[in-house]
Amino acid sequence: MTGKIKIGINGFGRIGRLVARVALARDDVELVAVNDPFITTDYMTYMFKYDTVHGQWKHHELKVKDEKTLLFGEKPVTVFGCRNPEEIPWGETGAEFVVESTGVFTTKEKASAHLKGGAKKVVISAPSADAPMFVVGVNHTEYKSDIDIVSNASCTTNCLAPLAKVINDRFGIVEGLMTTVHAMTATQKTVDGPSSKDWRGGRAASFNIIPSSTGAAKAVGKVLPALNGKLTGMAFRVPTVDVSVVGLTVRLEKKATYADIKAAIKEESEGKLKGILGYTEDDVVSTDFIGDNRSSIFDAKAGIALNDNCVKLVSWYDNEWGYSSRVVDLIVHMSKTQ
């Protein structure tokens, strides 16, 4: 595939808008279309330009050309408002890759509707029950060009998997438990409200620490089969708007001091996993990672070892920006695999 990779985005929520920001700031991809049936173009412009967490968009002047076109500088982006994915005419815009970021069409069958509109490939920006999951830096090289629908897994899996890979490759993981202290997301409630499937999840997000389930740790077993059945985990939703942190407690096959583990992670962060896995010895807190495009930043000072076989590791992630960056990275990798 030559030239810029043309992408479309279905669903202009948190991840959809940030994938757009990432794409527009890069020179190897081109945003050509956005679909969202619930947002007008003028409101879309406002939501894109002003962001409470990531700040005001200042790269290009942004304006509405007409009700079906946005202008990023001189670059037109077509806007659709279709509720049914198969009705979105991606082919008219040349969109080869579609980012499915509504959170609704997350199965292969549902996401395949985009192919009927002319898209060549679909990347689901969420875990999927049946689409193959790829985590950049972990198993993305296993992607084959005949796979049309993929999942970029979850933000937490993208944080955990690179860390788990390094530890398992170097020392072996017997078993482990993960806890993610996770920033609140759009699915939560501003004040106590109905949430019949998750009673605790219906409590006020800004005033509570809320225990929650997550499939992120088990999903690591899908991208790293050697760890299948060895990891599980849970989440605490906390009253912050962005940046989350994983605590991974593992029992090791090979004895290793905490210094050995730090050295291994540092080496990988400067080698094969550079740009994916980070390493810091600074006295950091969550807001220090807003806008960090790495998937996982290991906090060397925060971890602890019980002994040479049992250790707790801590790694930060901007659950919005880092994840959105990987969505685009995965698209670029897929295009090169054609």
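The backbone N, Cα and C atoms fix where each Cβ goes, glycine too.
Secondary structure at Cys155 (active site, nucleophile), taken from DSSP and collapsed to helix, strand or coil, is helix. Taken from Swiss-Prot, the feature active site, nucleophile applies to Cys155, supported by sequence analysis.
The NAD(+) binding site annotation in Swiss-Prot covers Arg14, Ile15, Asp36, Arg83, Asn319 and rests on similarity to another entry. In the structure as shown, the Cβ atom of Asp36 (NAD(+) binding site) sits within 10 Å of 24 other Cβ atoms.
The D-glyceraldehyde 3-phosphate binding site annotation in Swiss-Prot covers Ser154, Cys155, Thr156, Thr185, Thr214, Gly215, Arg237 and rests on similarity to another entry. According to its DSSP assignment, Thr185 (D-glyceraldehyde 3-phosphate binding site) is coil.
If you look up Swiss-Prot, you'll see His182 marked as site 'Activates thiol group during catalysis', on the strength of similarity to another entry. Same-chain residues at least 6 positions away in sequence with a Cβ under 8 Å from that of His182 (site 'Activates thiol group during catalysis') are, in sequence order, Thr156, Ser212, Thr214, Ala235, Phe236, Arg237, Val238, Ser244, Asn319.
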Cα-nearest neighbour of Arg14 (NAD(+) binding site) within the listed recorded positions, Cys155, Thr185, Gly215: Thr185
Arg83 (NAD(+) binding site) - helix vs strand vs coil (DSSP): coil
Gly215 (D-glyceraldehyde 3-phosphate binding site) and Arg83 (NAD(+) binding site), distance between Cα atoms, whole Å: 28
DSSP three-state assignment (helix, strand or coil) for Gly215 (D-glyceraldehyde 3-phosphate binding site): coil
Sparsest Cβ surroundings (other CB atoms within 10 Å) among the binding-site residues Arg14, Arg83, Arg237: Arg83
Sorted by sequence, non-Ser154, Cys155, Thr156, Thr185, Thr214, Gly215, Arg237 residues with Cβ within 8 Å of centre, D-glyceraldehyde 3-phosphate: Thr180, His182, Ala216, Ala235, Ser244, Asn319
